[in-house]
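**Student:** I am attaching a structure below and will ask some questions about it afterwards.
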Amino acid sequence: MLDKLLRLGEGRMVKRLKKVADYVNTLSDDVEKLSDAELRAKTDEFRKRIDGGEDLDDLLPEAFAVAREAAWRVLSQRHFDVQVMGGAALHFGNVAEMKTGEGKTLTCVLPAYLNALSGKGVHVVTVNDYLAKRDAEWMGRVHRFLGLDVGVILSGLTPDERRAAYHADITYGTNNEFGFDYLRDNMAHRLEDRVQRGHNFAVVDEVDSILIDEARTPLIISGPADAASNWYSEFARLAPLMEKDVHYEVDLRKRTVGVHEVGVEFVEDQLGIENLYEAANSPLVSYLNNALKAKELFQRDKDYIVRNGEVLIVDEFTGRVLLGRRYNEGMHQAIEAKEHVEIKAENQTLATITLQNYFRLYDKLAGMTGTAQTEAAELHEIYKLGVVPIPTNRDMIRQDQTDLIYKTEEAKFIAVVDDVYERYEKGQPVLIGTTSVERSEYLSKQFTKRKIPHNVLNAKYHEQEANIIAEAGRLGAITVATNMAGRGTDIVLGGNVDFLADKRLREQGLDPVETPEEYEAAWESTLNQIKAEAEEEADDVRAVGGLYVLGTERHESRRIDNQLRGRSGRQGDPGESRFYLSLGDELMRRFNGATLEALLTRLNLPDDVPIEAKMVTRAIKSAQTQVEQQNFEVRKNVLKYDEVMNQQRKVIYEERRRILEGEDLAEQAHKMLVDVVTAYVNGATAEGYAEDWDLEQLWTALKQLYPVGIDYHDLVDSDAVGEAGELTREELLDMLIKDAERAYAERERELEELAGEGAMRQLERNVLLNVIDRKWREHLYEMDYLKEGIGLRAMAQRDPLVEYQREGYDMFVGMLEALKEESVGFLFNVTVEAAPAAPSNRVAPVAAPPGLSEFAAAAAKAQEQTGQGAVATKERETPAPTLRAKGIDNDDTPPLTYVGPGEDGSAEVQRSNGGPRHAAPGGATRRERREAARKQAKTSKPTRRRG
């Protein structure tokens, strides 16, 4: 129903976009008459008009006409009307659904150019580094022609290179790189270490992949935790002793385990504990669940392999080994214990954000994809994005054949090879889509046996695969590819002329970045030559039926199936698609497989005879809809829980930003001092009269905080307040606050004598920043721990989410109170020395890596032009330190681990350099490790200054 409601305004929107395209067309003649210099000068004219108050919406027709003409002059590609419509849809903050081959990459040039004119930056988000670099080079030619600067964010760049790229007018990069830079910026200890400059407008390419498929995996930066645990080994010993359906049950569809009462009693007997579910033992529940999951749900040589004493994950979608990735929440350690290999230490979360909440930071968000309609409800609900289907430039004439279903997988693959051989004989290009590398290799062997030449792609080497995909539409080309392989590159009948021309020029030693002038000079003649050759071949391919897409299995998402089909029939070309299925396929096994098997058995058909039935199609659609709904619920659930963290994250990050930007914190430090002293006094005077108060205990606690200058004996015996019984809480508080203020002023005077004027302000900044970071890390750990066990609240008829929100808020308030107390303690007691004089506060320039020098140079030039160069940076730099606080100003950076979604949506892990990591001593529960972390944080305080 929601889908239908969302589609009600589609027709009106498309008509509105058509009017925009028509208006842009009326300006074409005038723009075509302009010289190159006059066309480039339009950029400066537009910027002046924006400075004068003109709106981007008003500039749209002229800016689009200019960018369209520039693309024609530079790339020999002119935007079709439907691409202009798509560009307008993106500018207005929508998802433009454009079929494969309709030119999404070129479409993006229009809104990127228009929005970059504001000077606030545009981020173009792609699914991998290769596409980011390719698009920055390829489309960057148009933007540079118009006088804009283009940057690209790739993994492995230094902070200086990243900063230069972000200060360009348009920045290309992957979702993970943008997200991790945001998190790192909010871990920075100096303003000049931050690299991003805000979140103005983002265009997300393959928006369904990034905002839907990858949104289940949050971005996490983590560092080594303080201790490992021997509980993994203990539960790995217990799991084989427990019997399935006696001690526990397994749900393969939901991939969960549930422990029966008998199982709980068995574990309690084995461990010698009274109650597994009491608060002190609650961490053991996750160890038990993980051990049983490792036993029942994770199979060796299917889900993972063991190589050289290390557990390596196997990708369920592609079948390849995922080096460097680890399961989270203790699952990987449970498998290591099961396989009796070294159990590596758990990591502690230092910063985290979901992709949903990262992309909601942008003032305006837009996206492009060939398949968004099936996810329109989710895009609207979570991102407030409308989906606008853009008409195709030419009518679609591809023939989508009905599915063929075989009884066995072997029979299915025999039929696939026969079909491909028949097509190869007549020269028709074929693209075979598989769900795993294992199946790709199996098919490859079968093709080799039949002497069918072919290429195999497995979504690992993006650049090499893009080149193969670019030639997959040529006569007789047979290409086997996993679902994700080669995305972002068109399969053009006769070959992709842009890629073939680029390939030929690179073979001649020309490069668009290293030798731009020679490359541009040779581009047009080479392109025309390639076009003529390719068009002749394309006619031959059309004559034999165009590209044939053959799917060997249905994916759990209809979108992925549609993406595979969409490879064929681009731009009105002929084409054909068909899926071959078997009862052994994963989707069929999980849903309704038994019903279909019973039907085939009743029909008594031989294994090699397929059936085509509407019932099969309905069963598949039903199964896919169920899986899509389940995945949507998972993503919604992730977002609901992260929303609690998101509000807290905003408070902490805003506080860090204020500190980094050098805001005077004297008033804030004074308020903290008053709050902490007040809390101490309130705690000591909460009950009874003055004679009942334990002032000795209060004074002992206060002396740990600051050098108290008054004696409580004198206070009680003083004539100022009369008898002890006449001392009021207000009088006591007033005297102690005045005493604390005196001590703080004395501390400030001492520091200024040691390190000069402003030393106390600098210490306040350093202390607050470090304490905030430590307390936030501790809080993230506590919140992880809370979320792990919150599901058990459902057993007590309580809503886990409501409980998480309530307890999470209480923990956050408690953390802020502890933050004040620890900050005040550090400000008084930390040992301080004058900082050694630094030879220079300027950062030495870093050379850009090969292929990126132009981006770095262009960005540096942009900084100068926009006033964000050396002068602007100097104003925003953190002042040079004049003092050093022991235990706080620590330059050592621990090795960090980055977890984010891979292209297939599963978690991908990268580690920064930090030396070898060793497992810490075991034997502690997670709660004990948490306590140890807290104690270590406290003991890191140096010897305090005596008052």
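Glycine is no exception: its Cβ is also placed from the backbone N, Cα and C atoms.
Relevant sequence annotations retrieved from Swiss-Prot are reproduced here:
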- Gln83, Gly101, Glu102, Gly103, Lys104, Thr105, Asp490: ATP binding site (BINDING)
- 860-947: region 'Disordered' (REGION)
- 925-934: compositional bias 'Basic and acidic residues' (COMPBIAS)
- 935-947: compositional bias 'Basic residues' (COMPBIAS)
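In the displayed structure, how are the listed features positioned relative to their neighbours?
**Tutor:** Sequence-distant contacts of Gly101 (ATP binding site), defined as residues of its own chain at least six apart whose C-beta falls under 8 angstroms from its C-beta, comprise Asp490, Ile491, Val492, Gly566, Gly569, Arg570, Gln571.
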**Student:** Largest pairwise Cα distance, Å, within the listed ATP binders Gln83, Gly101, Glu102, Gly103, Lys104, Thr105, Asp490?
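**Tutor:** Between the outermost Cα atoms of Gln83, Gly101, Glu102, Gly103, Lys104, Thr105, Asp490, the distance is 16 Å.
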**Student:** Translate the DSSP assignment of Gln83 (ATP binding site) into the three-state scheme.
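**Tutor:** The three-state answer is helix.
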**Student:** Counting across all protein chains shown, how many other Cβ atoms sit within 10 Å of the Cβ of Gln83 (ATP binding site)?
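**Tutor:** The answer is 27.
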**Student:** In sequence order, which residues at least six apart in the same chain have a CB under 8 Å from the CB of Gly103 (ATP binding site)?
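**Tutor:** Gln77, His79, Phe80, Gln83 - these are the non-local Cβ neighbours of Gly103 (ATP binding site), listed in sequence order.
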**Student:** Would you count the other C-beta atoms found within 10 angstroms of the C-beta of Asp490 (ATP binding site) for me?
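**Tutor:** By my count, 22.
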**Student:** Hey, which of the binding-site residues Glu102, Lys104, Thr105 is the loneliest by Cβ count within 10 Å?
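**Tutor:** Among the binding-site residues Glu102, Lys104, Thr105, the lowest count of other Cβ atoms within 10 Å belongs to Thr105.
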